[in-house]
Each structure stands twice: as structure tokens, then as C-alpha cells.
Amino acid sequence: MPFLPFSYYPFSLEVILMEYPKIVVKPPGPRAKELIEREKKVLSTGIGVKLFPLVPKRGFGPFIEDVDGNVFIDFLAGAAAASTGYAHPKLVKAVKEQVELIQHSMIGYTHSERAIRVAEKLVEISPIENSKVIFGLSGSDAVDMAIKVSKFSTRRPWILAFIGAYHGQTLGATSVASFQVSQKRGYSPLMPNVFWIPYPNPFRNIWGINGYEEPDELINRVLDYLEYYVFSHVVPPDEVAALFAEPIQGDAGIVVPPENFFKELKKLLEEYGILLVMDEVQTGIGRTGKWFASEWFNVKPDMIIFGKGVASGMGLSGVIGRKEIMDITSGSALLTPAANPVISAAAEATLEIIEEENLLKNALEVGEFIMGRLKEIKERFEIIGDVRGKGLMIGVEIVKENGRPDPEMTGKICWRAFELGLILPSYGMFGNVIRITPPLVLTKEVAEKALEIIERAIKDTLTGKVERKVVTWH
């Protein structure tokens, strides 16, 4: 079995026969160091949290080559966005051909056949029946748009969300998020009328319930909190427009709720006419082995927010929602570059690649393989408290002897993996979860190599061989 899908074989023989991973100079190398210093002089620190001192030069499939010639296996996928990997021939061809025809037309003022086809496909694969689409540029502005739709369609002022939620960096998205206080410090006043409730984390929740053994008990605690505390004492339910949720919390640490949670939550929300908005920017477009992670929980949201992987990371997002709520004021969802012909070409190619190459099935099979191997590794190392996920969205929680989060150990494991040629980030509300979100084209052969690196990184960290650690959201 090759390390790349057969569709990648227009690549040169050099790439096909490439050794992976390949570390020719200890990262960061001299060229990377030089560029990082130049960046510090001209780019604001606000643009991101630099998880790794990595400067990519090119990519192919699930691999990234940096400016110093090091080749890494990528378990980050540009924040779970590079769904079809890097430089997929079909994607490259579609984008090149479209640029040669016309690179920009604005769907806010004219019409676009490409954008229409992408919207038709999204409506087809969405679990929401009779839906329409609004296009955006990033997950953050798509969250803002979903807030606007929620308030416009219900004429209600309040938004509910979950503790641990990451929804983006625009003002509205920051306002509904509850991931790290560092992302809100200094920006008040944010959008008013937002309230948060606990997310049903089976492994680590405020009630101390083992949600794997007692899922119904955990579900009931959250729903009781919402109905008998929030709706009775904090926010009038008839003034709540929507509840925003990630079907699987991503940046909070790949937190998978009990299977029946969202189905029961939707029943409660419907009693009060409250919309359920699923933020699937990270979980959607095949990441979990289904087009949308909402499908795992047998729930039909009123809106789904998408982004990241829909155009393989090339800057498309949006909202899919029930027709009766999506027709808002003309022009109020207008963004100049949204779904322009080039981005739409990338999205159309991405959706076709996922279908034609059975990447939903691949995400399930390779994800199950990784989960199985990680659970075997867990049996050998007490520092692994939990392994969880769906498809190619997997979290490994690192803990101390007393079960408390161990971000220090997590950061060192991820740094050692980076030195060995694996891009492996640490995330989580406490910075102690290894996040695995590789491109959907990942094969079992490459995954096995990555797992060998993870196990070695754990051993090297436990024996005191690792001094540095990766940066995380803290």
C-alpha cells in the first residue's frame, strides 16, 4: 500500500519515493530561524499562537517540507483545514483553470455558477432538510452570520453557548466563546446577552460523573442545569434566540459528548422555540467520518456553520440553515471575496475528492486504527488518562498521578514529536490534550509511523530527555 492515495501519483518520482519523516537539520533550522525573526518585526502577535517554529515550503498529501528541507508528517492539517492534504492534483488543476478564466466576481452583486454548484452540494449533503446557504470567509465570520440569522429570525436578544467553546476571533465569535480568558482580556465590552452552560464532558466534568459509564446521568445534569437554573433564574427562555454548540468540542480537547445528548437537548430547546446552531467549522466536511458530526448524534440542527476543510483551507465558510430562517435582509450577509470563483473551484474540487476517493470511509477506518493503537499505548503509560474521538478527530488527554491535567508533560511530548518529524499539537482547556486532526488522505502506513513517533516521544519525555515544550493556548 502506498503512503499516498493513488490520485496523488502525478507527483514526481522524487516525492513518490520520498523518505518520511526526514529530519536533515534539527528544527528549527537556520532558514526557519531567520524567517521567524523577520516575522517578529512586521507581524502582530495577535495573528496567532505559534505552536511550532515551523516555516513550511511545500506540502504533498499528509506531509509538509519546511524551508530547511525537513519533511514532517502533519497531524495538525493547518488547524484541521487541509482536508484533502497538500497539493492534491485535482485541487491544483481546478484552481489553476479557474484563475485563467476569471479570478474574482462578487456573488453579492452578480451570480456565480461555481458558487451555485457548491451551495447545491452543501444542501444535498447537509442533515438539514429544505436548507439554504450563506457564504463567508472564515469560521469566525460565519459564526457572526449565524448570530445575525438567529436574532433576525426569532427577534430574541439572548444567545446560549457552552463552557469550553471555541467559535473564532471576530467580535461576535469571541463573545460567544468560552475557551480561554486570554482571548477576551482587554476587549470588553463584548457582545451582551450571552450565557454559558457546562458541556457534558464524560471524562472531566464539574459533577465528577463518569460519563462513559453513566451517560444518561451526565445528560440529565446538564439539561436540568439549563432548565431549572438558567431558564428559571438567569435568562427567560422566551428571550433566547439560539444555543450555539460544537457537536464535538475541538480546541477544548476533542470532547465527545454522550451519544443521546444533542437529541435530548433539541427536544428541550424546541419546547421554548430556541434554535440549535451547530458550529461544525472543525468537525464538518468529513473530519469525523461523516459529512457533518451532527449525524453521529441523530440530531437535525436549525443551522450548521461550516468552514476550514470545505475548500481544503482556501478561505471559504458559511452557514447552512432551514429555508424559513435564512432569508434575512438583502445584503446583510454580503462579503466581497466570499465564494469567489477561485475559492468556489477549490471547494467544488474538495467535495468531489472526498466523494470520489471515499475519504469519509478512510477517515473512519484510519481513525479507528489510530484509536485502537493509542488505547494499546494507554495501557503501557499511566500518564494517558483518556483517548477519545471520531474519525480523524482524536484527543489524547495527559494527566498526573492524581488525574489532574499535566500540560507540562503534554507540551514536552509534542515538542519531542516535532523534533522526530511529526507535527503534533497540544490543546485543551488545560493545555493537556494531544490533538490529532491530520488530512483525510492519511493512510494507515503513515499513521503507524506517526504512532511510533508518539510512543517514542512519550518514552523520551518520561526519561527526562526533553527540555523544551510546544506553545499552547495559555
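For all residues, glycine too, the Cβ spot is worked out from N, Cα and C.
Listed features, source Swiss-Prot:
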- Gly139, Ser140, Gln282, Thr336: pyridoxal 5'-phosphate binding site (BINDING)
- Lys308: N6-(pyridoxal phosphate)lysine (MOD_RES)
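The structure, with features from Swiss-Prot marked on it.
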| residue | record | DSSP (3 states) |
| --- | --- | --- |
| Gly139 | pyridoxal 5'-phosphate binding site | helix |
| Gln282 | pyridoxal 5'-phosphate binding site | coil |
| Lys308 | N6-(pyridoxal phosphate)lysine | helix |
| Thr336 | pyridoxal 5'-phosphate binding site | coil |
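Here the Cα atom of Ser140 (pyridoxal 5'-phosphate binding site) is found 10 Å from that of Lys308 (N6-(pyridoxal phosphate)lysine). The pyridoxal 5'-phosphate site in the record is lined by Gly139, Ser140, Gln282, Thr336, and its two most distant CA atoms lie 24 Å apart. Across the fold, the C-alpha of Gln282 (pyridoxal 5'-phosphate binding site) and the C-alpha of Lys308 (N6-(pyridoxal phosphate)lysine) stand 6 Å from each other.
Counting only the Cα atoms, the space from Gly139 (pyridoxal 5'-phosphate binding site) to Lys308 (N6-(pyridoxal phosphate)lysine) is about 7 angstrom.
The binding-site residues considered are Ser140, Gln282, Thr336; of these, Thr336 has the fewest other C-beta atoms within 10 angstroms of its C-beta. Spacing of Thr336 (pyridoxal 5'-phosphate binding site) relative to the residue listed as 'N6-(pyridoxal phosphate)lysine' is 19 Å (Cα to Cα, whole number). Residues within less than 8 Å, Cβ to Cβ, of the residue listed as 'N6-(pyridoxal phosphate)lysine' and separated from it by at least 6 positions along the same chain comprise Ala79, Ala80, Ala81, Ser83, Gly139, Val281, Gln282, Gly284, Ile285, Ser317.
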